[in-house]
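Taken from TrEMBL as is:
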| type | residues | note |
| --- | --- | --- |
| TRANSMEM | 18-33 | transmembrane segment |
| TRANSMEM | 54-74 | transmembrane segment |
| TRANSMEM | 147-177 | transmembrane segment |
| TRANSMEM | 189-214 | transmembrane segment |
| TRANSMEM | 234-257 | transmembrane segment |
Amino acid sequence: MSALETIGAPVLHLVRELRDLFAMLARIIVLAIRGRRDRRTIVEQAYQMGNRSVFFVSVTMGFIGTIMVFQAGLQALKLVPELSMLGATFAELLVRDLAASIGAMMLATRVGAGIAAEIGSMVVTEQVDAMRMCAADPIEYLVVPRFLASVLMTFCLLIWAAVVAFGAGMVTANVVFEVNYATFANFSMVDAGDVIVGLTKMLAYGAAIPIVSARCGLTTFGGSEGVGWATTNAVVQSSLAVIVLNFVISSVGFLLFPG
């Protein structure tokens, strides 16, 4: 096998995967607008993804906020004698990138795995084939409710993640470095560009996780072992999607909002 074939095969596979994902996204958007919307299923999925993830996200982001402020404070004291801008810089980092990206990585492990396992189990037990035999579209009945629930709840959870991380960082700064709460709660460095970039990432992550995970579930084969592989692939690919989207949106954001 030549070097060109070795390099070309994975590239072609990646191109096909991206094509299929974008095609699924377009189909989901059309069905979400024009198709049936089962509100009960959407609410159930929102509960599974949102309410049952609050504690997980809160604990994770609380520790992240504590660690980030502690380490940033230690490093800053080596350069400057006071930490009056510690809260301002941490707030900008949270709003523009940290809360959305780390929170989405956490949700990719829980929400993504759950979607892939649930749909994958339906595939290997031929429930999806039965739906097709009844002229029911699996994407409309299985994927669209999860997509809508994920976009909504991921957006809400990541905003909550930013609040928790900032609160934990504020307490850490006060206890460890004796920074006043009012001094730490400084949002002077957060501008409209930071907010727009951060909210865009939240929406993008909320859309990417269910699409990637649902595709992993729908392409499951081989029984219970296949479900396991689909779940693993969903976590890996969803996490990779978050990282790639973070790079793309951050790059565009810095071009549009350089300040």
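For all residues, glycine too, the Cβ spot is worked out from N, Cα and C.
The transmembrane segment (189-214) is in contact with the transmembrane segment (18-33), judged by 3+ CB-CB distances under 8 Å for residue pairs 6 or more apart in sequence. Away from its own ends, the transmembrane segment (147-177) comes close to residues 28, 32, 37, 42-43, 45-46, 48-50, 53-54, 57-58, 60-66, 68-70, 73, 77, 83, 86-87, 90-91, 94-95, 98-100, 102-104, 107, 111, 115, 184-185, 198-199, 202-203, 205-207, 209-211, 214 of its chain (Cβ-Cβ under 8 Å, at least six residues beyond either end). Long-range Cβ contacts of the transmembrane segment (54-74) within its own chain (Cβ-Cβ under 8 Å, at least 6 residues beyond either end) map to 83, 86, 89-90, 93-94, 98-99, 102-103, 106-107, 110, 157, 160-162, 164-173, 176-177, 179.
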